[in-house]
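J.: What follows is a structure written as structure tokens; I'll ask about it next.
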Amino acid sequence: EDPSLERHFKGHRDAVTSVDFSRAKKQLVSGSMDSCLMIWSMKPQMRAYRFMGHKDAVLCVQFSPSGHLVASGSRDKTVRLWIPSVKGESTVFKAHTATVRSVHFSSDGQSLVTASDDKTVKVWTVHRQKFLFSLNQHINWVRCARFSPDGRLIVSASDDKTVKLWDKTSRECIHSFCEHGGFVNHVDFHPSGNCIAAGGTDNTVKLWDVRMNRLLQHYQGNSVVNSLSFHPSGNYLVTASSDSTLKILDLLEGRLLYTLHGHQGPATCVAFSRDGDFFASGGSDEQVMVWKTNFDTDDGDVVKPQKYGSSVDGSHGTGHSEMDCGIHQRKTKTQDSGRTPEHQEEENSLANTLEHIIGQLDVLTQTVSILEQRLTLTEDKLKECLENQQKIIQNKTN
């Protein structure tokens with residue numbers, strides 16, 4: 001079966017800039033040029049929430065891995081952390097001096113990386129809500145920054161036409177990929193962590209191996225690539241382009257599988273759900289669309305597509321031999337020896353408990369942070385009062 005349109009969300013009053021699914025796939029968050037975030041429920045008849053707080057266009061949104069926080073970045077130069085609940089309380093991070101174009105949580109949910117028109121990439125701690133450090137080697141706006149799955153590397157894409165790879169611990173730039181012929185709009189890590197994909201205004205998608213720093217695949221399209229997302233299996237990539245299409249690339253075959261038409265006007269953002277069953281897209285037509293992936297999977301083996309798309313856009317991937325970045329590792333169907341279903345159940349319930357604890361931590365963090373903000377306000381007021389009293393006393397003694 002081909003990918004099919006599943007849901008259609010309308011509510012934004014300007015172009016949609018960013019979309020992301022929560023881990024449990026129950027919710028979808030979107031950001032828009034209308035300065036709002038919307039949280040949509042995947043359950044029918046459930047109302048959407050509109051979060052207001054940013055003073056200008058929201059350009060990027062992401063759920064934390066646990067799903068208990070949402071980060072957003074805006075043209076108002078701030079980053080916000082929201083609790084995705086009815087109240088929609090948020091705390092503000094200020095360190096960038098220009099538009100914030102990208103926010104991304106590390107996979108353990110402890111760090112946040114942001115990219116901005118101030119030409120820097122910044123890293124923050126989520127729980128203490130503190131700015132940690134900047135990476136400053138880009139010489140133009142930074143459009144996108146992502147952590148590697150293991151959190152050790154950061155990749156960033158810029159209007160200086162480079163994609164840079166950074167070591168988070170040493171804060172050094174390990175490598176610059178300079179093969180792009182235009183601004184690089186979006187970059188992300190393959191789920192294996194061994195390669196990255198980038199797309200931009202030169203109408204191409206390029207995949208590089210980050211261990212050997214060499215080009216693996218190159219897809220030539222006919223329109224600006226605004227956004228891309230890897231399927232969790234690592235075998236597919238979906239892109240959103242200015243010609244209003246979404247394209248699904250088969251990375252094993254090195255060719256275009258599907259071209260999807262849904263948006264009127266440029267498709268601005270696209271993201272797979274965490275299990276890969278769905279993907280969401282947003283466009284300058286103010287709409288958010290959710291698509292059912294419909295890839296045929298056989299028993300957790302490598303995903304096998306049903307049929308190939310007819311329009312191939314002259315893409316020339318470098319095929320099987322080159323894609324050794326974890327794409328070919330098939331999942332084995334046998335359970336690890338000595339693992340009984342009971343063990344599996346215990347592990348699952350333990351994982352769920354841990355998830356719950358992490359979630360509670362996120363909420364606590366947020367509450368503490370809100371309290372800290374209120375305390376600071378109170379302290380400022382107190383200081384003002386004391387200063388006024390001093391003045392009054394001085395005036396009297398004079």
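Counting begins at 1 with the first residue displayed.
Any Cβ shown, glycine's included, is placed from N, Cα and C.
Pasting the feature list from TrEMBL:
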- 9-50: repeat 'WD' (REPEAT)
- 51-82: repeat 'WD' (REPEAT)
- 93-134: repeat 'WD' (REPEAT)
- 135-176: repeat 'WD' (REPEAT)
- 177-218: repeat 'WD' (REPEAT)
- 225-259: repeat 'WD' (REPEAT)
- 260-292: repeat 'WD' (REPEAT)
- 302-348: region 'Disordered' (REGION)
- 319-343: compositional bias 'Basic and acidic residues' (COMPBIAS)
J.: Short question: most Cβ pairs under 8 Å with the repeat 'WD' (9-50), which of 135-176, 177-218, 260-292?
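T.: Against the repeat 'WD' (9-50), the leading stretch is 260-292.
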J.: What does DSSP give as the helix, strand and coil breakdown of the repeat 'WD' (93-134)?
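T.: Split by secondary structure, the repeat 'WD' (93-134) comes out as 0 helix, 24 strand, 18 coil.
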J.: When DSSP states are grouped into helix, strand and coil, how many residues of the repeat 'WD' (225-259) land in each?
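T.: Residue counts in helix, strand and coil order: 0 helix, 23 strand, 12 coil.
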